[in-house]
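For reference, the structure is listed below as structure tokens.
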Amino acid sequence: MEVFIRRLPKVELHLHIEGSLEPELMFEMAERNGISLPYSTIEEARNAYQFEDLQSFLNIYYQGANVLVTERDFFDLTWAYLLRCKADNVIHTEIFFDPQTHTARGIAFDTVINGIFHALRQGEKELGITSKLIMCFLRHLSEEEALETLAQAEPHLNRIVAVGLDSSEIGHPPAKFQRVFTKALAMGLKTVAHAGEEGPASNIWDAMNLLNVSRIDHGVQCTEDPVLVADLAKSRMPLTVCPLSNIKLRVFDSMSDHNILTLLDQGLCVTINSDDPAFFGGYMTDNFLAVNNALHPSRSQLVQLTRNAIEASFISDEEANTLNAALDEFWANHGNDA
Ligand code: ADE
Ligand code: ZN
């Protein structure tokens, strides 16, 4: 099964590029940019990655992002992630970036997006990995600040497929961002939002009804509300679930308590994603393996998770057909492996 999982073509829909900053690269960038870190060794940094909840993680995550200064830093960060994608057989990825984490430190919006975008373009050319870019608003900041960020993005709209909403869910519900999401939709962008990660099921309803989202990021708290679960199954509203993240941030006590396969069996469009892999103990293959070891999915369930991600992605029907054909070929060759 492990070989099957390693070879399985994968599609990632929930990845914060700043959350893929491995301590090795963090130290390298800190040195070249003359920035001091609160850790003296890589091991000390890794040891500090123990979290009680989302906020305790976010404090460390924003601190790590301080080393990202130049266009080259954003390029190197994204390129390192794409090499991990290649190793994990990720064939398409839709990644988040948090411009406000950087513009608040005086880094130009253009520096951030140019570095990320050039790496994505090189990834398509040299690694054959297709990609899309999603710009997230930090929900602990004001809607006015989100509107300013949307204005900064205007010259780059051809590089951005959607806006998202991340950071501290509790105390910052979807309603706070209704105006900026309405504006983004009018500009031709799609919308997604983190909802029902730590926060209540009502945030999932509000993300759908007030922000018109095409996907819910996380969404695992939907089980609080059986009417919502039935609605998600019927509408096939995708949930971008992040199993290792949920364990590290104590959303579930252990992987054997995770509800991803129950939701899959109930007909929801659930997908597996890595969220912030440098902090949570692994990339796409690691997430699939962790689910496999605790919950023992069948091969057809594992393939269905990629099938769902293709359905939930922002690619054209033609591109989706190409990815589904790759998955069909994989199933024909490996569906019956011993
Ligand atoms: N930013 C980075 N990772 C996040 C997560 N899991 N939830 C909310 N905001 C985030
Ligand atoms: Zn996330």
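Note: Cβ is positioned from N, Cα and C throughout, glycine not excepted.
Quantities reported herein were computed from a predicted structural model and do not represent experimental measurements.
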> Since TrEMBL lists HIS14, HIS16, ASP275 for Zn(2+), which candidate among HIS102, HIS118, HIS194 does it give for that site as well?
Replying inline: HIS194
> Which of these recorded positions (HIS14, HIS194, HIS218, ASP275, ASP276) have a C-beta closer than 6 Å to some atom of ligand 1?
Replying inline: HIS194, ASP275, ASP276
> Listed recorded positions are GLU197, HIS218, ASP275, ASP276; which sit with C-beta under 6 angstroms of ligand 2?
Replying inline: ASP275
> How many Å lie between the Cα of GLU197 (active site, proton donor) and the Cα of HIS218 (site 'Important for catalytic activity')?
Replying inline: 5
>> Long-range neighbours only, meaning 6 or more apart in sequence with Cβ under 8 Å: which ones does HIS218 (site 'Important for catalytic activity') have?
In response: HIS14, HIS194, ALA195, GLY196, GLU197, LEU239, THR240, VAL241, CYS242, ASN246, VAL251
